[in-house]
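To start, the structure under review is shown below, and the notes come after it.
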């Protein structure tokens, strides 16, 4: 028999429900359902027990149209996400409903979004490098397969573009499965991402649909269901216009889908999965909104007192087990570019590699605007990467650090006061800085340049040639937005020829 209650109070997304008639309270984190007058189902999540018969819940949808006295049904379980091969290539919201205009996937399997982290004995500790084809990342802050990676940056420095390039590169290089959780970001970016994935073949809607899309149409009747099951990605969205409840839970919905692919279904081996979260700060921000609405005392800078607990509960689920792995890339918005803010600082503690995007580097026109001295990785050591890679990375860091120290002298006294050796360091460091830039596949329509994936061997060779002084004769501009060092040499020699009057 259903456990039925009634709404007693509505304050924005917070709804109080009384179960006085049934006398049975739903468990904490249970999903409750209310049906509006127009037939739409609103899902609530039980957060607090207020007394003998009352609970306080947070809504996963907007609450317009709800009134006191409406019937509320306890589902008896947490919010469920459909899983299985049928969710490949599909778009879902926080409660696992398809939002791509196609029918709900035919899968009997569902998993609760609140699940325990894997047991200690099941966790895998093997270390393997995940090469991305992006020079600055692969050389100085390499990613760990099955690790957690953070992309830190303020507004408008290129976090989402970098994430889209990583999805594109890794899907093509490793033919991996990706789950993308859009947490509190722009709806337009979600739309762009879906189109980008269809164009690149990461999501496969079939040839007929692709042709209609190229002609400017969006005819979902032309989607090939067989082709859809061969897609390499699943998308889950809770955008910035949605309720704080949805934004606080959508990352867990995406993670649940990734966990299913990682663990397998019991009959077959699990997979290596990529989980992209854009933006993990919005998860914290939504948690802060919910916490305040629930009446909890705020802690530092107004964040929720349970910030570290909520972050830890989610991050501990993102791990590699003996059956498969989840490698997560998380974009982290840094409020006012302050890395000591509690939200990014709490995220730092869980990461294996950090890629810091800098406004100062973006202002130089160097994209991706990765700060090579602020970014780090726990596997930057010779045992994992080998001596040649490690030594090259150290040489690059040393020359950039020395250049940074000399910048104050240059600003006050000018280049004339530097020693001959320091002048060489400055010019080589500037070439190194520019060689970190690279044209992206996903930015081809903005830059007009063909996207490049660069192997680690080509990257090491290029930076060694610059630091050894083999390319001192080439202009600095030759190293800007190129892939391999051969392209830089070709571009530089062409520039020199054009500069010499015939």
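Glycine is no exception: its Cβ is also placed from the backbone N, Cα and C atoms.
Record features (Swiss-Prot):
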- 153, 154, 155, 156, 157, 158, 159, 160: ATP binding site (BINDING)
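On the structure: features taken from Swiss-Prot.
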residue	record	Cβ contacts under 8 Å, 6 or more apart
153	ATP binding site	159, 331, 332, 333, 334, 356, 357, 358, 359, 369
154	ATP binding site	333, 334, 336, 337, 357, 359
155	ATP binding site	333
156	ATP binding site	none
157	ATP binding site	357, 358, 359, 362, 369
158	ATP binding site	357, 362, 367, 368, 369
160	ATP binding site	185, 189, 278, 331
Three-state secondary structure of residue 153 (ATP binding site) from DSSP? strand
Apart from 153, 154, 155, 156, 157, 158, 159, 160, which residues in this chain have a Cβ no more than 8 Å from the mean position of the Cβ atoms of those residues at the ATP site? 333, 357
What is the total of other Cβ atoms whose distance to the Cβ of residue 159 (ATP binding site) is within 10 Å? 25
For residue 158 (ATP binding site), name the DSSP secondary structure in the helix/strand/coil scheme. coil
